[in-house]
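Here the structure comes first, spelled out in structure tokens, and everything after it is commentary.
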């Protein structure tokens, strides 16, 4: 089996569906043309300098070789950028100097028109509505300037254009209500942390039991409720909470999930950092385009299955918590009333909402803060666009409806997962309660629900003509998924993902029954063979999208719809079996590795890293001054930096906010 996998990987890596004609490629203009930003802003002290970021779209001209190259290369849209879309950073002083020798008729000939019919560009223009005066003032100059450059460099092309925004030298960021609110909350958290830590230190110094170990002090709550409230913000106590070992039999058996969460989060950051690199300026777009034509490109596209891991784990943990609470209530009362179900439903949702939303809201607030920065020609295009979206649409995130409301102006784009997960959580909790209330029919209920949500992606894909797999094309990523129907309706919809979530629910129910019957999976040789076989089968399944992604012949509508229904749901089903097996202590050295203590902390920091990692990636890549070279070394340098800083930020978020909120919720129960 291993030899077959190696052989398949070698064949797929060697096979390419398209050989990029580099002679033709260099007939096209570069995607980015950025003047020296710092020189433009700093060279003439005391004088106003203006630097404009301009979006342009090349107009058809079949008689020009450059246009024919653009058409030929851009038609492979799943693998290539749209080379009609150009991005200019123009120092207006340099533009004026380059056009000074031209007469009025020549200047007029350089006007190709206003770019007003590009819906994705219009979303940016809507967010930067405050730049309307700059657009009106500088439109003719920037249009003439960029078309003059295209002419002078021998491309003989004309492009419609529009000013996205302009920066002026000496601009100072003014603090507003949003900024002051963030600073006030940050100051309050620091004060609470200091007070809580000092109270904790005083209690430790005054303790009378000298035999009590330091760790035991931080595990022992004080008797006073006021002291308990203050100690929720103690830095030292929160460190011990972060590092404490899992409690109970279930916690010990499922501790491997921390490793799953960390490595899944690493892959998510890997994919999202690549996306932000695409959104930034790349000097060699031909290299990532060629990469996507290989098996490595198929893996990058199939990597979206990693998100399924979080849906499965979330469904699993919900069900385990529900079973624990249900048994506690059952021990007190034989029969349940509707009111008891309603109270539990509200408590589950309210506690989950507070636990997730408080740190999430803090990061949302941070995302909208204007602050003095290193700036750069792309800063506003990459980072401020997110700030403006957060200030305008923060409420969609806090209501967890941002996966279907105002999807073209997303704040924290990765927040779609939290929305879909929340919607799946609510529906799953209702189903678990129905299964509990009508226990006699629970198996039939769960079977019907599983069948419905396994079939639903098939039906929706066929009826709504979705592509069988989610393909984050280079241009789609460069446009931050604006206007991408496949991303909004196919990939981020809770309807398309609920089957995966429910697989986690069923995995927890299976694990619970095995635990009650004390069934030892590790002693069942046939299950061990199945469990280990899931590893190579999972790798092969990632490559199953290769023919669909790499070939441009349209797949059969029926078979494409069937594959769309199977791709994520079968991965979730296999992952559920894998998790149940590992919970049953199957896995040998794999399980031992996943249970290493280091993953205890990293796994608990995963949520914070998830909500903050795109902010980190954007800050890093938005400060570039010129197009960067996209290579393996550069890519992994950005990825490892983003991972490291994201987890460090998550650590601070956990110590000062996430863990205190969790402790406060425990006091409220």
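Cβ atoms are placed via backbone N, Cα and C, with glycine included.
Noted in TrEMBL for the protein shown:
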type	residues	note
SIGNAL	1-17	signal peptide
TRANSMEM	180-203	transmembrane segment
DOMAIN	255-650	domain 'Acyltransferase 3'
TRANSMEM	259-278	transmembrane segment
TRANSMEM	298-324	transmembrane segment
TRANSMEM	353-371	transmembrane segment
TRANSMEM	415-434	transmembrane segment
TRANSMEM	446-470	transmembrane segment
TRANSMEM	490-509	transmembrane segment
TRANSMEM	529-549	transmembrane segment
TRANSMEM	569-590	transmembrane segment
TRANSMEM	602-621	transmembrane segment
TRANSMEM	633-659	transmembrane segment
Checklist entry - the transmembrane segment (569-590) and the transmembrane segment (490-509): do they have three or more Cβ pairs under 8 Å, with pairs 6 or more apart in sequence? => result yes
Checklist entry - Across the domain 'Acyltransferase 3' (255-650), what is the average pLDDT of the model, as a whole number? => result 94
Checklist outcome for this item: Other same-chain positions with a Cβ less than 8 Å from the transmembrane segment (415-434) and lying at least 6 residues past its termini are 307, 310-311, 314-315, 318-319, 322, 341, 344-345, 348-349, 352-353, 356, 360, 397, 400-404, 442, 445-446, 449, 492-494, 497-498, 501-502, 505, 610-611
Next on the checklist: Within the same chain, where does the transmembrane segment (602-621) have neighbours whose Cβ lies under 8 angstroms from its own Cβ atoms, ignoring anything closer than 6 residues to its ends? I mean 6 or more beyond.
Outcome noted: 242, 257-262, 264-265, 268-269, 272-273, 276-277, 279-280, 356, 359-360, 363, 366-367, 378, 382-383, 386, 412-415, 417-418, 638, 641-643, 645-647, 649-651, 653-654, 658
Checklist entry - In the same chain, who gets a Cβ under 8 Å from the transmembrane segment (298-324) while lying at least 6 residues past its ends? => result 12, 250, 254, 257, 260-261, 264, 267-268, 270-271, 274, 291-292, 348, 417, 420-421, 424-425, 428-429, 432, 469-472, 491, 497, 500-505, 507-509, 511-512, 542-546, 549-550, 567-568, 571-572, 575-576, 579
Checklist entry - Do at least three CB pairs under 8 A connect the transmembrane segment (569-590) and the transmembrane segment (353-371), leaving out pairs fewer than 6 apart in sequence? => result no
Next on the checklist: Let me spell it out: take the transmembrane segment (259-278), skip the flanking residues so only those 6+ beyond its ends count, and list any with a Cβ under 8 Å from a Cβ in it.
Outcome noted: 288, 300, 303-304, 306-307, 309-310, 313, 382, 414, 472, 474, 477-478, 579, 593-596, 599, 602-603, 606, 609-610, 613-614, 617-618, 621, 628, 630, 635, 638-639, 642-643, 646
